[in-house]
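Accompanying notes for the structure given below.
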Amino acid sequence: MATTILPLILFISSLAIASSSPSRTPHAIVNEVHKSINASRRNLGYLSCGTGNPIDDCWRCDPNWANNRQRLADCAIGFGKNAMGGRNGRIYVVTDPGNDDPVNPVPGTLRYAVIQDEPLWIIFKRDMVIQLRQELVMNSHKTIDGRGVNVHIGNGPCITIHYASNIIIHGIHIHDCKQAGNGNIRNSPHHSGWWTQSDGDGISIFASKDIWIDHNSLSNCHDGLIDAIHGSTAITISNNYMTHHDKVMLLGHSDSYTQDKNMQVTIAFNHFGEGLVQRMPRCRHGYFHVVNNDYTHWEMYAIGGSASPTIYSQGNRFLAPNTRFDKEVTKHENAPESEWKNWNWRSEGDLMLNGAYFRESGGRAASSFARASSLSGRPSTLVASMTRSAGALVCRKGSRC
């Protein structure tokens with residue numbers, strides 16, 4: 001993860017943005033999710049898709065989606081449900097996939113859009129391949145919306161969310177991300193600073209909150225596909241298609257970084273596909289709801305963690321590899337069994353195929369997992385239909401997406 005030299009006053013003010021205090025009570029969140037889903041169904045009426053995926057059913061069957069893009073912000077669920085992105089801001093159209101100047105970005109480029117102070121809903125004029133020279137450091141209250149076009153960010157450094165809030169990233173391809181840094185990068189119209197070498201993540205979330213990563217296709221990055229660290233919280237990672245990668249997702253900076261104890265992340269309706277090895281996710285300290293995902297490939301393990309994270313696995317489908325000694329879904333790391341047996345890891349309603357098994361630990365009482373519950377999971381038998389369209393969608397104006 002890159003770091004930047006900031007004035008002390010900017011650093012202090014940013015701590016308020018990245019507070020890692022936990023979200024409201026899980027019961028309140030679940031009630032709000034149900035209210036939001038029901039309201040969305042009423043608003044769509046006969047347009048509702050009926051896939052069982054509450055995010056997709058909220059917006060995808062509206063043929064007028066291109067003229068009502070910001071309605072997407074009503075459809076988030078889970079711990080990141082309050083991520084508004086650039087809602088109520090201007091629509092900003094990216095017209096130039098090149099000219100990536102990290103310090104003085106050119107109007108019309110993606111970098112120029114994401115550093116602005118005002119809320120912006122960012123869309124793209126046409127299909128684009130964007131190869132960045134340095135990390136794309138996002139300012140708060142931004143949506144990157146790739147619907148209706150084919151947008152790739154890759155073959156260079158990729159996306160960083162650093163001391164920011166209210167970010168939505170939707171509908172783009174992120175792949176072949178590389179390390180960069182040791183140079184100046186602008187992160188607002190009024191500030192640029194020196195950034196050290198980045199890790200080469202697809203999306204790096206650092207000390208940020210109210211983040212929603214939805215319907216993206218991610219693969220083959222230098223480090224993680226999506227990493228969230230340093231007190232980041234209130235995050236939903238949903239409907240993404242991930243392939244061809246080793247260390248897929250890290251949630252929590254290190255075993256010694258206790259500020260991640262209040263991290264809350266929802267991982268829902270994703271497809272973990274071919275060529276994946278481990279960390280789907282790898283968790284530390286916080287509270288993680290892994291719900292209604294499709295795990296069709298892993299080489300080492302699917303869900304792991306250390307430093308006593310609370311992991312609630314609900315309604316997922318796990319298809320184990322054919323190799324005899326890699327069928328365990330879980331991996332308790334950096335601790336003897338005498339210690340990890342007390343970590344709260346629970347499997348509820350998961351479908352285990354080809355010999356897959358989940359090694360539970362800790363308490364069985366519902367209260368042990370209350371802070372890791374973020375929505376009402378659906379039966380695992382519905383996972384195939386709920387995740388069938390995971391990844392960046394092919395959407396055409398005037399038609400259902």
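Every residue gets a Cβ built from N, Cα and C, even glycine.
Residues annotated as signal peptide in Swiss-Prot: 1-20.
According to Swiss-Prot, the N-linked glycosylation site annotation covers ASN38.
The annotation Ca(2+) binding site is assigned in Swiss-Prot to ASP199, ASP223, ASP227 on the grounds of similarity to another entry. Within 10 Å of the C-beta of ASP199 (Ca(2+) binding site) we count 21 further C-beta atoms, all protein chains included. Secondary structure at ASP199 (Ca(2+) binding site), taken from DSSP and collapsed to helix, strand or coil, is coil.
Among the features that Swiss-Prot reports, active site is placed at ARG279, with the record citing sequence analysis. Using a 10 Å Cβ-Cβ cutoff, ARG279 (active site) registers 26 neighbours.
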Candidate with sparsest Cβ neighbourhood (10 Å radius) among ASP223, ASP227, the listed binding-site residues: ASP223
Three-class DSSP secondary structure - ASP227 (Ca(2+) binding site): strand
